[in-house]
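The annotation transmembrane segment is assigned in TrEMBL to 31-54, 66-84, 104-126, 146-163, 203-225, 246-267, 279-298. The domain 'G-protein coupled receptors family 1 profile' feature in TrEMBL is assigned to 47-296.
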Amino acid sequence: MKHQGKPPEGNLTAWMEFVLLGFAEVPQLQWFLFGLFFVIYMITLLGNGTILVITKVEPALQMPMYFFLGNFSFLEICYVSVTLPRMLVNLGTQRRTISLVACATQMCFILVLGATECFLLAVMAYDRYVAICNPLQYPLVMNHKVCIQLVAASWISGIPVQVGQTFQVFSLSFCASNVINHFFCDISPILKLACGETFTIELMVYVAAVLFVSDPFLLILISYIKIISTVLKLPSATSRAKAFSTCSSHLTVVVLFFGSAIITYLRPEASHSAETDKVLSLFYTVVTPMFNPMIYSLRNKVLKWH
């Protein structure tokens, strides 16, 4: 993280609203983008909503892996609904303004839901680890009460830090511009509008990103190292293939989500550009939630037949 100096505090403006620039640099594509993102939103809602309902009502899916998957699908619906409806309104009406309160609320929800996704993916990796490496103890270790506690912890753990982080960012004074060069209220483009010294907040943002992205990713990595080690010791190729098949969909989602999130938030500040950040953000906030139901359904025989 390379700190860049900010304009000094001076002729400050008490902005009560911001302008989300979004994709204003390609005005000829506005309606095409509106149609594209509307279709993506509908596919995301339908796909994740279907998995959510199936995992709740189908007796054959009443097991921890599908309990976590149902919660993950609900999370994806929430996650994409924080950004896409606002983006569709901006593209359809060409009114790009967002109030300060709405911007702060959107950023807070994105941060909290992003942290929840990191934790929930780690929980799902732990579930696969116990199922494959300790199958005899799996029903005892991953009982329904433990599953509920793990999901609740995933949802709640990030709230205090991310709410506090949002409050700190929007307690800053902002310079003459109120134009956010992004399609949603993300920390990095908003901090670029701040006046005075922001190094402390930037450092805290970076530490939080390490805590909520790197730590769960490390837990997932350790889980899969142990899983691979156990699977390779299985006597038959059929057993190894079956064990890997229960993990492949989750591993694919982990690579898609964490890959784009790590590149976005943990790469050096000097290598940031607004256009690159938009593309990467689109990937983990819009594209990944759309593909997740397809990934799980195509790779999971039980879901495929429902």
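Note that Cβ sites are derived from N, Cα and C of the backbone, with glycine treated the same way.
Curation plays no part in TrEMBL annotations; they are all automatic predictions.
Proximity of the transmembrane segment (203-225) to the transmembrane segment (66-84) is not established, fewer than 3 Cβ-Cβ distances being under 8 Å for residue pairs spaced 6 or more apart. The transmembrane segment (31-54) makes no contact with the transmembrane segment (146-163): fewer than 3 of their CB pairs lie within 8 A, with pairs spaced 6 or more apart in sequence. Long-range Cβ contacts of the transmembrane segment (66-84) within its own chain (Cβ-Cβ under 8 Å, at least 6 residues beyond either end) map to 37, 40-41, 44-45, 48-49, 51-52, 55-56, 106, 109-110, 113-114, 116-117, 120-121, 123-124, 127, 144, 147, 150-151, 154, 183-184, 285-286, 289-290, 292-293, 296, 302. Note on the domain 'G-protein coupled receptors family 1 profile' (47-296): its mean pLDDT in the predicted model is 89. Taking Cβ pairs closer than 8 Å, the transmembrane segment (246-267) reaches residues 65, 114, 117-118, 121, 124-125, 128, 131-132, 206, 209-210, 213-214, 217, 220, 224, 227, 277, 280-281, 283-284, 288, 291-292, 295-296, 298-300 in its own chain, all 6 or more past its ends.
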